[in-house]
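Visitor: Quick one: this structure, given as structure tokens, is what I'll be asking you about.
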Amino acid sequence: MSVAKKQYKRITVKSLTEMKSHGEKISMLTAYDYTMAKIIDSAGIDVLLVGDSASNVMAGHETTLPITLDQMIYHASSVVRGVERALVVVDLPFGSYQSDPKEALRSAIRIMKESGGHSVKLEGGREVKESIKRILHAGIPVMGHLGLTPQSIYKFGTYTVRAKEEAEAEKLIEDAQALERWGCFALVLEKVPAALAQKVAEQLTIPVIGIGAGSGVDGQVLVSHDMFGMTHEFNPRFLRRYLNLYEDMGNAVGQYVKDVKSVDFPNDEEQY
Ligand code: KIV
């Protein structure tokens, strides 16, 4: 059955719930800077995530743990300046919300005030319940994140698929239901079995956005550097590369070096 799409001038948290109820899938990508945000937003993305994956793809860290709140605010404010339509979600970085709910609220307020982002995302369920509630109480929309939660990498030790065992799957379902009950507007499910993700999406009225969670959810998110093929060492099964920019950009640089060395660049038309 084809679904008539509503045209949204500006995506809000309400638009996402509407999309889910109309059966329209939600598209989401990461961005960390103005130029990339402008390109992705102009191409019609629904949600731009200023992910703490900036720690990996922008700063070259092995994990997402080192990125700071100030650095996230810097990335987020650059993204916001490039966006006209998409909803901007900003990750609360590791250490900015886990220790106490008041600090969590202060961190979320700084993101909203200093970057102009439209909402925040944080990892975890019942462990961060009070932080989520405090942020929501202040009127700040919160997106949850369950399944593989990279900020807890040292607890799990690997980036493998989560919630394959029944007990973990049950806990994930309960956490997802709780996130909806507390008032989160959406939820990211990362690297969990497709059948489990579909079950969660069917049970919730808020949208469930998957990454490595199959097609039965309400939308998909990828790290833009991965889907553009700018990264090439990270090859999870769930990743579809739409370009091979690692090779294309490398070839362009190689050609530029040649042209400079041979004085082919600049030519007569490229100078004053
Ligand atoms: O930081 C990030 O890019 C994320 C996505 C993987 C969902 O949280």
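Each residue, glycine too, has its Cβ placed from N, Cα and C.
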Visitor: Starting from the 3-methyl-2-oxobutanoate binding annotation in TrEMBL that includes Asp52, Ser53, Lys121, which of Asp33, Asp70, Asp91, Asp100 is the extra site residue?
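Guide: Only hit among Asp33, Asp70, Asp91, Asp100 in TrEMBL's 3-methyl-2-oxobutanoate site, alongside Asp52, Ser53, Lys121: Asp91.
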Visitor: Measuring CA to CA, name the entry from the binding-site residues Asp52, Ser53, Asp91, Lys121, Glu123 that ends up nearest Glu190 (active site, proton acceptor).
Guide: Glu123
Visitor: State which of the following recorded positions has the fewest other Cβ atoms within 10 Å around its Cβ: Asp91, Glu190.
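Guide: Among the recorded positions Asp91, Glu190, the lowest count of other Cβ atoms within 10 Å belongs to Glu190.
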Visitor: Within 10 Å of each Cβ, count the other Cβ atoms and name the one among the binding-site residues Asp52, Glu123 with the highest count.
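Guide: When each Cβ's neighbours within 10 Å are tallied, Asp52 tops the list.
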